């Protein structure tokens, strides 16, 4: 575009309108003939464009506003003379006070009216007037905030003027090229999960000439900058959204430039954040655009907010179903997760260093290493422990709707992935033994959970036929029995509403987590996590009101999901405490996910959430629903 262009601006009728407190009524529009009364026969003049109009003075040395003077009624044989005069200072003052504006009359040295006198000769119904403005000479003042106005009134000594249609107010504005950051509807979160994480900040050029959208006419740059009042903005943001974010440390990030080339409509800048310079916290970074390298462009002063931190997103495992997960921190410093069999995945095993990023290692079992009894059964609800230098894997060997042939089994290994032999160079769990059978311990003796206290080792078990506890031998591989061969302990601790027991000691209380509802009906599942507590490991476990879990009372931890994304969350693993003291729960849930243009339903996938506590000491997951994301657990090594 040629910036020396002389532009003629023809503004359409219907632009901004205002009312004055003068004897005039200023409105926008065009004059129409009226019928009846004196106006139908008595001649008068009016402006075709009237009232308050905007005149852009950007990107040109001179701009021209053209308007028309029209004659109405009367005899066309007459000649009429009129002239546009500038408002007095007092008239503009009254207008500003009435409308709450702060217009300043543009000095007449910066504009001209041509012709200075309008003559509507005999037979002529309308005449043109051009108002020429020396735009280049006033742009700098407008940019400083001066609100210039050209207030003119049509006057004539020989003919009447239509009231309210004889004033034109030209507000001088700059429709310059404007660059702004494209702000998403939801505040962008940057997950600083790498040593150096780079995010893209998108910008767009808003540039119109004569109402037509244009691409950039220049090569230019703008800078990304943290505003000087960043601390105040942070405080206001936290107050508005009830957050407790901190300002992203200055030494943790670098900001790039936005670079536009001629013809561009959009451009990007880069924000790079260094992970080793931040803690595991929520940070806020307000950004603005500034310092355009050409005076033909301005940067919109809107503030763009970024939330940064080290996040994870649920589900943490979604490549296959990992129902009923159990997690152990092994001697090699890694976490290992074991889960219920899914089709031919005979108890999938994963490893992780942070509870967030999980690597599939193998299946714990193969066809050749399955138990020799009840071959049609499947591996459910594993529970891995480390006892006396051995990895001891408890698991349910069960069948859906086959409670009479469902058992609890046990097997040992040298490593979390099994014992390595020449036959099994990748490790295997060999020689499983039946630990609890339905003949002796009742139907559905599955969903076992090991707990060690002092010199005693206990195994809790049961699924919707009561939760029971027995004591184990010192090696944890058999039920401890008396001289007559009877279990030294078999006690019912919960009613028939529960399964998937897991116990966590905090303070003076033992918290018994369990699951209720239908676990396995896909989107119709009603599974949910609940809890009771006791001052004794063996119970009684009660709810807030003191009602016993033996009577199927409980308190909620995670309910049945929001039914739009999460469905059937339940069967948690042990509670893991990170190096910052935060307690974490891993469990499973079905969930909806977008795949192309379709919404698919998957699960039961691995979930991670921090455990929170009420003031009176009851655990729950925030909002009693699975989270979308959260800050990662803190592990220093």
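Sequential numbering from 1, following the chain as shown.
In case you wondered, yes, glycine gets a Cβ from its N, Cα and C as well.
Annotated domain 'BT-3987-like N-terminal' per TrEMBL: 44-156, 189-295, in sequence order. Sequence annotations record features per position, and here TrEMBL assigns active site, proton acceptor to 324. For 499, the entry in TrEMBL reads active site, proton donor.
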Measuring Cα to Cα, how many angstrom lie between the residue listed as 'active site, proton donor' and residue 324 (active site, proton acceptor)?
11
Based on DSSP, tally up the residues of the domain 'BT-3987-like N-terminal' (189-295) by helix, strand and coil.
18 helix, 50 strand, 39 coil
Summarise the domain 'BT-3987-like N-terminal' (44-156) by DSSP state, stating how many residues are helix, strand and coil.
22 helix, 54 strand, 37 coil
Given the model, what does the mean pLDDT over the domain 'BT-3987-like N-terminal' (189-295) come out as?
94
